[in-house]
Amino acid sequence: PNTGTQADSGSSQSEPECISQTREQRQQSTYLDEKIAVPQPGQEVFSLRKLWAYTGPGFLMSIAYLDPGNIESDLQTGTLARFDLLWLLLLAHILGLLMQRLAARLGVVSGCNLAEAASEFYPAVPRFLLWLMVEVAIVGSDMQEVIGTAIALNLLSNGAIPLWAGVLITIVDTFTFLLLDKYGLRRLEAFFGFLILTMAVTFGYEYVVVQPDQRQVLRGLVVPGCRGCGGRQLLQAVGTIGAVIMPHNIYLHSALVQSRDVNRQDRRAVREANKYFFVESSIALFVSFLINLFVVSVFAQGYSEQAMSAIYNSCVANDNPHADIFSGNSSKLDMDIYRGGVFLGCQFGLACMYIWAVGILAAGQSSTMTGTYAGQFVMEGFLRLRWKRWQRVLLTRSLAIAPTVLLAALTDINRLTGLNDLLNVLMSQQLPFALIPILTFTASGRYMSEFRNHPVISLLAALLSAAVVAINVFFMAVFVQQLPQVWYVLAPLGLACLLYFCFIIYLVVLACAEIFPVCCGRLGDRCRGRGGQQLLGSGGDSEIVEPLLGDSELAGGTAT
């Protein structure tokens, strides 16, 4: 038995490789080669100059909360539930801030991004599956951005640029924007800030023109519930979580914070970096929330139970070139980002349609670029592959464009825009494969030492992960009901669902083994294929590693 005590329950295993690397090795293996200098810790409680030095990664991260998939989810929320789900939108952003805070802390404290930590922690097969799941999320998100950009170009050109041509144009413009990072990281961050400002101005303009009822907006924010909501509203409500929180964004943020030159051997410097990164992320996500709020409120006020015939008459009166999409039926129409832009142009003037299209174009372009960075960090962390940016863009964009251009060329706008709903569900399915690993490492003493999660934070993160899994069960149940009830369809789907939940359980077991090694360590070793080897070794002196950044002595002990 181990006769000693251990001060840090998470530090009984060997130190992770990405932590033990020298600063020079870390800088050589970082995709963002440039390091931004930050002021040294001082006596002041808060400094705007220091906040400015840390500003950048949070705003790049926040772009994932503003991609075309999110915008479409927002307008559908407004048309289906009006203002009643604004509180859920706020809650989703707060939960997103919680997870982004954990991602930033992992990158600052340990020096590992999430992909690197997962690559060293998990065995080969689970590691490959995690990488595959994240890549699926990145490609799915990229498809949404391609669709959004193609629709924006179609609206701006009054239909002169067909959807399939708009899809192909996204190849060229993405490579053009990626050249910007050759002019320095701060200029690249400034360009992303300009795109966010563009979205705030364009969607804010729509908000001012439509003039939503401010009392209804306030009530929707502070009063939980959904008056008179049915099955469609409930499905939209649970889909909001999956649309807002992007799995690959957690991997991205843990890497972006490493662009600041923080001395990880100085406890005060690390604590200060954590503080300013959290403040910056809070500001960035607040801006993202406001933009999403604008979109929900615009369609909650402007598209309240209107029939297509009434909208068509408004389109004709305003000489809208896209009026035909509202002709032929008097029933209420499902809304998407294409019809949403046309609707605004019909009801509030053509300027609203073009300004809407500019906002969608900014959302698509900014999200495309951050997706490229996320893909490179994930590939570099999991597979140890360091590709050039244009190679990574070519791979991701090719996988996204191939099915999208086929749909754009062979089907109509209804099929293409409806694909966004399916992709939002896909994002939700991948969320556990980011939430569980980030909780595992940020609650671990081996990775975080004295900066590991407070138990309350770990509990909240665990509850969020459980809620996401429950949402996925609901989505799967709804999806299965819509399929043909035949065995050759249900049997493969049932097997896939079984494997999906088994993998989640496996990740949870390893998380418990890392966070609670005393009670779960042996089970975790067996899951990793170590044949029951104990965490403290098979004999001799116990291997105890001094926590990173810690200067207090651990209570020693020997295994007999």
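Any Cβ shown, glycine's included, is placed from N, Cα and C.
The annotation region 'Disordered' is assigned in TrEMBL to 1-24.
Under 8 Å from some Cβ of the transmembrane segment (85-104) lie the Cβ atoms of residues 57-58, 61, 65, 74, 77, 114, 217, 220-224, 226, 233, 236-237, 240-241, 244-245, 249-251, 253-254, 257, 274, 277-278, 281-282, 285-286, 288-289, 292-293, 296-297, 434-435, 438-439, 442, 453, 457, 460-461, 464, all in the same chain and six or more residues away from its ends. The transmembrane segment annotation in TrEMBL covers 85-104 (among others).
For 155-178 (among others), the entry in TrEMBL reads transmembrane segment.
Positions annotated as transmembrane segment by TrEMBL: 190-210 (among others).
Marked as transmembrane segment by TrEMBL: 277-300 (among others).
Long-range neighbours of the transmembrane segment (342-363) within the same chain, counting only residues 6 or more positions beyond its ends whose Cβ lies under 8 Å from a Cβ of the stretch, are 66-68, 70-71, 145, 148-149, 151-153, 155-156, 195-196, 198-199, 202-203, 205-206, 209-210, 298, 302-303, 311, 314-315, 318-320, 322-323, 325-326, 335. The transmembrane segment annotation in TrEMBL covers 342-363 (among others).
According to TrEMBL, the feature transmembrane segment maps to 394-411 (among others).
Positions annotated as transmembrane segment by TrEMBL: 431-449 (among others).
The transmembrane segment annotation in TrEMBL covers 456-480 (among others).
Sequence annotations record features per position, and here TrEMBL assigns transmembrane segment to 486-513 (among others).
For the transmembrane segment (456-480), same-chain residues at least 6 beyond its ends with a Cβ under 8 Å from one of its own Cβ atoms are 95, 98-99, 102, 235, 238-239, 241-242, 425, 428-429, 431-432, 435-436, 438-439, 442-443, 490, 493, 497, 501, 504, 515.
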